[in-house]
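Chemist: One structure is given below, represented as structure tokens, and several questions about it will come after.
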Amino acid sequence: MTAAILTVDDSPSLRMAIRIALTGAGYDVTEAGDGVEGLSAAAAKKFDLIITDLNMPNMDGLTMIRELRKAPEQAGVPIIFLTTESDDAMKQQAKAVGATGWLVKPFVPEQLIKVSRKVLGR
Amino acid sequence: MSLQDPVAAFRIEAGELLDQIEQGLLDLGHRLDDRDLVDEVFRGLHTLKGSGAMFGFDALAEFTHHCETAFDRVRKGLAPATQELVAVILSARDHMRALIEGNGSGLEATGAAILAELQAAIDGASDSPPAVEPAGAVPVVPVAAAGSGSGWRLSFRLPADAMANGTNPLMLLDELRELGECRIVARTDKVPPLADLVPTECHIGWDVELRGDISRADIDDVFIFVMDDMELSVTPLEVAADDVPGAAPVAGADGSAAVQGVAPPVLAAIDSAAPGKSPAATPSAAPKSGESVRVPAERLDELMDRVGELVIVQSRLSQLASGQASASGNELALRSISEEIERLAGELRDTMMVLRMVPVASLFSRFRRLVHDLARETGKTIALSTEGETTEVDKTMIERLADPMVHLIRNACDHGLETPQDRLAAGKPAAGQVHLSAHQAGGEVLITIRDDGRGIDRERVRAKAEVQGLIQPDQAISDHDLLQMIFHPGFSTAAQVTNLSGRGVGMDVVKRTIESLRGTIDVTSKPGEGSTVVLRIPLTLAIIDGLLVRVGEGRYVIPLGAVEECLELSLEEHLRSRGRSFITLRDRLVPFLRLREIFDTGTRPDPHQKIVVIATGAERVGLVVDQIIGSHQTVIKSMSPLHRDVATFAGATILGDGGVALILDVVQLVTLGQHQEERLRAAG
């Protein structure tokens, strides 16, 4: 079965780039514009992987990851966050609230696909 | 915009981000300690940098990085937000726009100058050394160089919460298998008794013998996301003497491993220059963001509903045409379908028109920056207030209104408002007010630009008008007409020429632009209290409701929004008014124009002529026509270049029978009527 991926980012162009890369690699991609939309998307459907930005209006990525991990059905779902932070603090915080891994912006599609393959195993 | 082109999407998005940053900064200028605003601006800069770098706008990303770094200090409370910082970042924002549009060279110098100012602004604001650092200085994780020709012995144990957080140990083992031949042994010594077992936690450790020509970096890649918290020991396998001929091949293997293939995610910063360099280098490919309109989904749903209904009616029509209905019911059925289609066409038109409507907020918000800059340049304190931003106007209209409004606001700030000293001396508050408001009235939108400055100097206007020969030195002229002089081409009083207004756009151009939008402009002014400019513009440029009339053999359309009432010109009035074209309408004299005479139809008048009373603002004029045919949905077509200067007509339209009707220009006709009235009054 095609793996379903949720991408959460407030930047439409970035979501588009992610969607194009991942659908091209055969994944099924759903988009959300911020943490609030991301949570409701994740509540409506079970995703195999969630890729999220950290800096977003309404609800940031950290809060969304924390909320997601509270739900038992989201245990074990890989969450990859995108970061441009050069400092390690953000990365540590995201990991502490339950993120699986990260991807440093800017990235090329191959890196995105590679990371997705890595955590999905397919 | 192509839905598959992220770079085009980025350009549009960047435009929106820049607007958001600008608005945030302007607000911040008023409330320097508002944390939410600081966060908002920071987030805008952050997204712009991140996305910019993604799509190859490297110069933008680097430049924005400096601003972001500076702003991050404010966000973290290390430096205060100051007016200087806001001003510098505002100019930086303009530079970012230039970088996105990629127009021409010489941007580096501008950028460097702004960064120097930024540095100064931060230095002035905080004691600690500035945090401006090159964007390229993202810490680079050193590539582990040590390698082993024959393999590695690994021993690892994952953090307890790794599985709950999405790491699947089996996949890590699979990845190791992909690297080379593996012998994996699970260590179960730490697994607790069943009663104490938490099923989401990982208690198993693994020992792995990995054989092959594998670099240490490849192994670290496998564990990259859990490396910090896990137990991991990696030691080279015992090297059998005959396995490895020497050290050199090992080094060679390491070198190639570090270069080949896709860089691991954490090393992405190294590759930042690689993805897509072309967009920044090809500015000609930049689409105009103005060519796309954002439409709320519910409006599209409405449109879809209408189209759905249209399809149903169409199938009814096909059925009728194929003769399946009984012959006797045909006419009735056809009429009903015709009515349905008429209704749907009307609704479709309305829905479609609404799709093109955008709130004037998008127009007004541009002026905040303008007023901010004008205040800085003139040294005046100016407060801009707005009202009715949710009023919606056709998108094209908004774009064409921008320039005239910029001019009017410049005028208000530059000429209208006094300096704080003068204002205080005149007993006014030091801060000048500029008020923009918009509201809809029927098929028109009224946009008002009001200032509380010194007002228009009548003496000077009059003097200038006399010099230009527009009025005679002793000529009596109403105050209203005197004020209209400022719309005359080439009319500007000497003191008006400042570097701010020197854009080559005069009030006459403003008036012409507004009139080309089928709008009107009116100015009122009280000495010492300020001036008000009112723009009346139609909601849309494309379609109007019209009243179709016949004059002689020609048919004409009068915009229905301007029609006040229709009445019959009784024979008695006709006779009585001969030579004095006035009718008495509710105790007021209204001048009327005989269109038959103006158009020189050369036909005999109908016995029962009608008067259509039209109005613009407070002025009314009657138009005598031969017949009123009825209301008509008028799709406006512009006149040919040859006929464009015929002032009486605003355009033409094609009627249902294929004939052409000219659309009367209401403003022109009312002016004509008023002139006639004045002439007659002057003649006594």
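Here the Cβ of each residue, glycine as well, is placed from N, Cα and C on the backbone.
Because TrEMBL annotations are produced automatically, they should be read as predictions rather than curated entries.
On a predicted model such as this, the values are computed, not experimentally measured, just so you know.
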Chemist: Have a look at B:174-193, B:274-293, B:414-433 and point to the one annotated region 'Disordered' in TrEMBL.
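Modeler: Residues B:274-293 are the ones TrEMBL records as region 'Disordered'.
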Chemist: Taking DSSP three-state, what's B:His46 (phosphohistidine) in: helix, strand or coil?
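Modeler: Where B:His46 (phosphohistidine) sits, the three-state DSSP reduction gives helix.
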Chemist: Around B:His46 (phosphohistidine), how many other CB atoms lie within 10 A of its CB?
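Modeler: Excluding its own Cβ, the number within 10 Å is 24.
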Chemist: Over the span of the domain 'CheW-like' (B:543-675), how high is the average pLDDT in this prediction?
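Modeler: That stretch averages a pLDDT of 81.
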